[in-house]
Amino acid sequence: MASITQAAKSLLLKEFASAFALSMRQFFAPKATLNYPHEKGPVSPRFRGEHALRRYPNGEERCIACKLCEAICPAQAITIEAGPRRNDGTRRTVRYDIDMVKCIYCGFCQEACPVDAIVEGPNFEFATETREELYYDKDKLLANGDRWELEIARNIAMDAPYR
């Protein structure tokens, strides 16, 4: 009986030591998490974040008021009013609103746009304190486009072979 007791004690001590060693290795190993506000992980070029309206390099807005994005939006979050036809036969929007509360970030609006006017940009930090701040009008969308244009253009160029 003494030999069984001795074997059990040595076995349990060995198991305890190996478990403790494993715990210490993990404790001193490099951390797998990021300290979020100060460190940010990589974002995919196909990430669908905050919406933006883009401009052409000459400063003119890209949206031609075709209303394809409004028609394809499953959440009916987009409202567009087209202005009168211009002398060259094109149209531009008078009103372009997105209700970000309704938006499900599916990306259909971006896929439907024939001129890459509406895009979902790389910004994922757009929390607000009130719901009213999540109703984006044309000016807010154009400001987002101006702010994120370099990253948006890079992401579209990276995704071009797959479109």
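Note: Cβ is positioned from N, Cα and C throughout, glycine not excepted.
What Swiss-Prot lists as domain '4Fe-4S ferredoxin-type 1' is 53-83, and the listing cites sequence analysis. As annotated by Swiss-Prot, [4Fe-4S] cluster 1 binding site applies to Cys63, Cys66, Cys69, Cys113, with the evidence given as sequence analysis. What Swiss-Prot records for Cys73, Cys103, Cys106, Cys109 is [4Fe-4S] cluster 2 binding site, and it gives sequence analysis as the kind of evidence. Per Swiss-Prot, the feature domain '4Fe-4S ferredoxin-type 2' maps to 94-123; the stated evidence is sequence analysis.
All features noted in Swiss-Prot, drawn onto the structure.
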residue : record                          : contacts (Cβ under 8 Å, 6+ apart)
Cys63   : [4Fe-4S] cluster 1 binding site : Leu53, Arg92, Thr93, Tyr96, Val115, Ala117, Ile118
Cys66   : [4Fe-4S] cluster 1 binding site : Pro114
Cys69   : [4Fe-4S] cluster 1 binding site : Ile78, Ile80, Phe108, Cys109, Gln110, Ala112, Cys113, Ile118
Cys73   : [4Fe-4S] cluster 2 binding site : Phe108, Cys109
Cys103  : [4Fe-4S] cluster 2 binding site : His51, Ala75, Ala77
Cys106  : [4Fe-4S] cluster 2 binding site : Arg48, Pro74, Ala75
DSSP helix/strand/coil residue counts for the domain '4Fe-4S ferredoxin-type 1' (53-83):
5 helix, 8 strand, 18 coil
Give the nonlocal contacts of the domain '4Fe-4S ferredoxin-type 1' (53-83) in its own chain as ranges (CB under 8 Å, at least six residues past its ends).
90-104, 106, 108-119, 138, 141-142, 144-146, 149, 152
Could you tell me which of these binding-site residues, Cys109, Cys113, has the fewest other Cβ atoms within 10 Å of its Cβ?
Cys113
DSSP secondary structure for Cys106 ([4Fe-4S] cluster 2 binding site), reduced to helix/strand/coil, please.
coil
Around the recorded [4Fe-4S] cluster 2 site, report the further residues of that chain (criterion: Cβ within 8 Å of the mean position of the Cβ atoms of Cys73, Cys103, Cys106, Cys109; site residues excluded), sequence-ordered.
Cys69, Ile72, Pro74, Ala75, Ala77, Ile78, Ile104, Tyr105, Gly107, Phe108
Taken over the domain '4Fe-4S ferredoxin-type 1' (53-83), the model's mean pLDDT:
96
